[in-house]
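Please read the structure below before turning to the comments.
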Amino acid sequence: MNKTAIALLALLASSASLAATPWQKITQPVPGSAQSIGSFSNGCIVGADTLPIQSEHYQVMRTDQRRYFGHPDLVMFIQRLSSQVSNLSLGTVLIGDMGMPAGGRFNGGHASHQTGLDVDIFLQLPKTRWTSAQLLRPQALDLVSRDGKHVVPTLWKPEIFSLIKLAAQDKDVTRIFVNPAIKQQLCLDAGTDRDWLRKVRPWFQHRAHMHVRLRCPADSLECEDQPLPPPGDGCGAELQSWFEPPKPGTTKPEKKTPPPLPPSCQALLDEHVI
């Protein structure tokens, strides 16, 4: 499938959830032992943790949207990564969307982030902590050139390279989505230590943030993991294909309705949403 068709599918997956979803009516995590259920784009979570808003190592953006819930493994990953970044004096980690209290489908902006195992992290590491006003209305820093073929040299910093590499080296991380131009720059900067690049995957948009995804927890028996990324650093023909013009004759895919929920997620909705 060519890149234009994939882009249209991604857009449809996101726009299909623009209408309000019942998951928004669940305002607190569902009690129980932590269980990620279903797939990243069609699932839910029981026993989600709340990411502490106050931390000396990170700051949480858009707290008014209450998207700072996730599996305990995700909370621990954020704390672990931000502590590493702080110890290296790289700056403050800026945390974007995680998931809703019970996971589930958003009303827009995300097709995934449904099982408590995804988090968006800004590709900025401010040395001075942001104000409350800045956090509520964050200004994204677009690192990619207008033509989408490379990063903006004056905006690309070694600290951002280190942030992405640290995240990719974490044992619980399976994928990190970034813009193809950012992946390309990582490939150029990586040197001989390249194993971690396998986890960094080019994807549409993602010009100012990285989307980090964790593996399914071992005790979440209903969680559906993705296949591992292809072997290698992903810096060859696959990456270059993202910069090729779309093939002629690309047709817009039919709009698809969301798939049925996993039975456990449907039961959760039936119990907690009137």
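Cβ atoms here come from the backbone N, Cα and C positions, even for glycine.
Swiss-Prot annotations:
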type	residues	note
SIGNAL	1-19	signal peptide
DISULFID	C44-C265	disulfide bond
BINDING	H110, H113, D120, H211	Zn(2+) 1 binding site
BINDING	D147, H150	Zn(2+) 2 binding site
DISULFID	C187-C235	disulfide bond
DISULFID	C216-C223	disulfide bond
REGION	227-274	region 'Disordered'
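Of all the recorded positions in the record (H113, H211, C235), the one with the smallest CA separation from D147 (Zn(2+) 2 binding site) is C235. Sparsest Cβ environment among the disulfide-bonded residues C44, C216, C265 (other Cβ atoms counted within 10 Å): C216.
Between the CA atoms of C223 (disulfide bond) and C235 (disulfide bond) there is a gap of 30 Å, rounded to the nearest whole number. Among the binding-site residues H110, H113, H150, the residue whose Cα lies closest in space to that of C44 (disulfide bond) is H113. In the shown protein chains, 8 other C-beta atoms lie within 10 A of the C-beta of D147 (Zn(2+) 2 binding site). Annotation note: C187 (disulfide bond) sits in a helical segment as assigned by DSSP.
Highest Cβ count within 10 Å among the binding-site residues H110, H113, H150, H211: H113.
Proximity of D120 (Zn(2+) 1 binding site) to non-local residues of its own chain (separation of 6 or more, Cβ distance below 8 Å) is seen for I95, G96, D97, M98, H209, M210, H211, V212, given in sequence order.
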